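Notes follow the structure.
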Amino acid sequence: MSRLKRIAGQDLRAGFKAGGRDCGTSVPQGLLKAARKSGQLNLSGRNLSEVPQCVWRINVDIPEEANQNLSFGATERWWEQTDLTKLIISNNKLQSLTDDLRLLPALTVLDIHDNQLTSLPSAIRELENLQKLNVSHNKLKILPEEITNLRNLKCLYLQHNELTCISEGFEQLSNLEDLDLSNNHLTTVPASFSSLSSLVRLNLSSNELKSLPAEINRMKRLKHLDCNSNLLETIPPELAGMESLELLYLRRNKLRFLPEFPSCSLLKELHVGENQIEMLEAEHLKHLNSILVLDLRDNKLKSVPDEIILLRSLERLDLSNNDISSLPYSLGNLHLKFLALEGNPLRTIRREIISKGTQEVLKYLRSKIKDDGPSQSESATETAMTLPSESRVNIHAIITLKILDYSDKQATLIPDEVFDAVKSNIVTSINFSKNQLCEIPKRMVELKEMVSDVDLSFNKLSFISLELCVLQKLTFLDLRNNFLNSLPEEMESLVRLQTINLSFNRFKMLPEVLYRIFTLETILISNNQVGSVDPQKMKMMENLTTLDLQNNDLLQIPPELGNCVNLRTLLLDGNPFRVPRAAILMKGTAAILEYLRDRIPT
């Protein structure tokens, strides 16, 4: 009955008179017919300069196929059509929309991104069921006040427009959860924004903001706040009261001081690189109990406090391009997976150690803690034993640091004496890197109940044997610079593995078994011959945050990879694909993922 009521008062001959002629070839009748069944219509990338009238009237006019069959017994019952709920008209040449938009009151999704729109019609207020509105990549200078009538709106994407201010009454969008205002010309954020109490994600990056309102702390559900690339000189202390905040991006601003976060106990990532921060103190660190990523690159830091050891959960620390001359040795006791130090005038760590990577730097710092302990004469007897090969195994490292280290010996096998030295001690890390190993040492199996980190990089491994696959507590595995072209399916049993480094090997595809290790957070597989990845399987890897595919043979990047929204670092340089263009890659992971998502066919 609702359908008959809707067309009451309309010219019932409208569908016969204009239904087909108005659309011409721009919208095939078959597409409209399918849309009446599914409630979804995708007209993206059709070079449209205006929306055909038959689209606005899809649920009003009698369809053309009614000419051929008016029988109530027909299989195709056009009068039982579904209201259009999803309309995608992105990637066209639209300069305006008409008020006929009101003829689609059932819309829940309207996607008109990547057009040439300078305004939105006031009739948009009548789309009261709208939940997602994407108007990004247009030329909007202002938003109509009527947009505040969309009380069911949950996602609003306005990035890459020419907005200079926010409409009055914007705070009435009380159900809004995801708001993207990045890449506009905003100079202020109204205090009334704080009334957006349902907001979970707010992107204000690449604007001209000089300050944030103190009232921002009322956004009690906000988890993701991106203020990169603005003109912020200070952060309101009230921001420290945002108890749900997990990700905070403040890169490329003019901050001179790092804010304190006494109530942000859930904060996992803090990005404050490319500012003018001169000092890092204990007060800045002591409340960051959950922090996993701390980005302080390109600032003016001169030192790192000993209290850095308080960040027990820290995994990635970027200190590159500062004025740091020394590091606290206690930094070596953190379980970092990534430590960037380039561009600092460090006097206490040789450049060759830094060039060997994170684990070598941490190992060096730990060794300096040891050097500050027993005297040299004591350590000669306590920390090493001589093997038949005249090499030494560091007993002190086994006992105090729980590391079995037999690296940089150019050995073709690991002597039994190395494993014998463990005795009844607990060992959590194995470092057999920089040798000539052609196979996994079989006696590693003896340590399967305790080892979490294994470094077998810079060897001559051409296959992985089952000895490695039984290390069920393994969280970190470094296999770079070997001769590997595959991984065994049995590696699926490594149910705690978080980081794997396969760079500089001979892989032609991402090993299938990796898609089934759902605990993986970091995959480094640069400098191989990888020709493809499976975005559908990768989307299932919900913990994956870092994927390095640089310098491979990728001829194309599947748009569906953009759905891997948990990725924080996606590196694609040095591949032969043409799109995304280099300019997109330079904008970083978020821009790459957005670019890919915008090109997913629907």
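In case you wondered, yes, glycine gets a Cβ from its N, Cα and C as well.
In Swiss-Prot this protein carries:
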MOD_RES   S71  phosphoserine
REPEAT    83-104  repeat 'LRR 1'
REPEAT    129-150  repeat 'LRR 3'
REPEAT    152-173  repeat 'LRR 4'
REPEAT    175-196  repeat 'LRR 5'
REPEAT    198-219  repeat 'LRR 6'
REPEAT    221-242  repeat 'LRR 7'
REPEAT    244-265  repeat 'LRR 8'
REPEAT    313-335  repeat 'LRR 11'
REPEAT    400-421  repeat 'LRR 13'
REPEAT    450-472  repeat 'LRR 15'
REPEAT    496-517  repeat 'LRR 17'
REPEAT    519-540  repeat 'LRR 18'
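Outside the repeat 'LRR 7' (221-242), and at least 6 residues removed from its termini, the chain residues within Cβ reach (under 8 Å) are 182, 197-215, 248-257, 259-264, 271, 590.
Non-local neighbours of the repeat 'LRR 4' (152-173) in the same chain are 113, 128-145, 179-190, 192-196, 198, 203, 594; each lies 6+ residues outside the stretch with a CB under 8 Å from one of its CB atoms. Only residues 6 or more beyond the boundaries of the repeat 'LRR 18' (519-540), in the same chain, are considered here, and those with a CB under 8 A from a CB of the stretch are 337, 480, 495-510, 546-555, 558-561, 563-564, 571, 574. Summarised by DSSP class, the composition of the repeat 'LRR 15' (450-472) is 4 helix, 3 strand, 16 coil. Looking at the repeat 'LRR 6' (198-219) alone, the prediction's average pLDDT is 93.
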